[in-house]
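Asker: Mind looking over this structure? Questions follow.
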Amino acid sequence: MRLAGPLRIVALIIIMGLTWILVTILLGGPGVGLPRIQQFFTSPENSVTAEPRARKYKCGLPQPCPEEHLSFRIVSGAANVIGPKICLEDKMLMSSVKDNVGRGLNIALVNGVSGELLEARAFDMWAGDVNDLLKFIRPLHEGTLVFVASYDDPATKMNEETRKLFSELGSRNAKDLAFRDSWVFVGAKGVQNKSPFEQHMKNSKHTNKYEGWPEALEMEGCIPRRSIAG
């Protein structure tokens with residue numbers, strides 16, 4: 001009975017020694033245990049190779065714009081539920097989060113030289129006064145960039161003068177806009193040719209994505225800055 005105590009101590013020492021040896025073998029010695037564990041948990045049998053994320057540039061563009069160009073992305077509203085977005089040089093000019101969009105036409109005026117936002121407003125083209133829109137776009141200065149995104153209905157209140165002014169800004173489709181069409185457009189005061197930055201989706205019960213509305217439009221690209229001389 002007197003040997004029971006010493007035997008227990010010897011047994012405990014042996015167990016501790018064996019445990020230390022086992023841990024050393026498994027973990028590879030001091031300082032390398034964590035990498036060994038990580039290698040086990042990330043072995044081919046236990047790991048899934050993650051796809052590398054594609055790099056995004058200003059406004060989420062897949063490629064950077066050249067020097068002296070402005071990066072932009074415009075998304076029209078979806079039906080009468082999701083508001084439009086206008087992004088320029090990684091700055092959100094208009095969106096539901098900024099609480100500055102509304103039914104109708106959402107328009108941001110930008111200095112074509114500096115890229116600075118001049119003014120942003122929404123114009124109700126269903127129940128609003130079209131004269132408010134005319135007062136906004138008639139006095140534009142040469143070289144001003146005009147970003148437009150529709151939401152719900154862009155055209156019911158449009159008159160001949162409104163369509164003509166947008167056409168003079170470079171639009172091909174302003175003359176044909178109708179009730180609940182989707183429209184995104186970038187034009188400029190003083191352009192000689194039609195803008196390459198425009199999309200138009202007709203409201204048609206045969207092709208509408210939503211009940212009573214066409215699908216939302218999304219457009220992105222690079223706009224050359226205007227020279228100071230115009």
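Every residue, even glycine, has its Cβ placed from backbone N, Cα and C.
Since we're looking at a predicted model, the values are computed, not measured.
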Asker: In Swiss-Prot, C59 sits in a disulfide bond; tell me which of C65, C87 is on the other end.
Answerer: C87
Asker: Which has the fewest other Cβ atoms within 10 Å: C65, C87, the disulfide-bonded residues listed?
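Answerer: Sparsest of the disulfide-bonded residues C65, C87 by Cβ contacts within 10 Å: C65.
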Asker: To the nearest whole angstrom, state the Cα distance for the pair C87 (disulfide bond) and C65 (disulfide bond).
Answerer: 14
Asker: Give the helix, strand or coil assignment DSSP yields for C222 (disulfide bond).
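Answerer: In the DSSP reduction, C222 (disulfide bond) maps to strand.
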Asker: Hey, what's the Cβ neighbour count for C59 (disulfide bond) at 10 Å?
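Answerer: For C59 (disulfide bond), the 10 Å Cβ neighbour count is 21.
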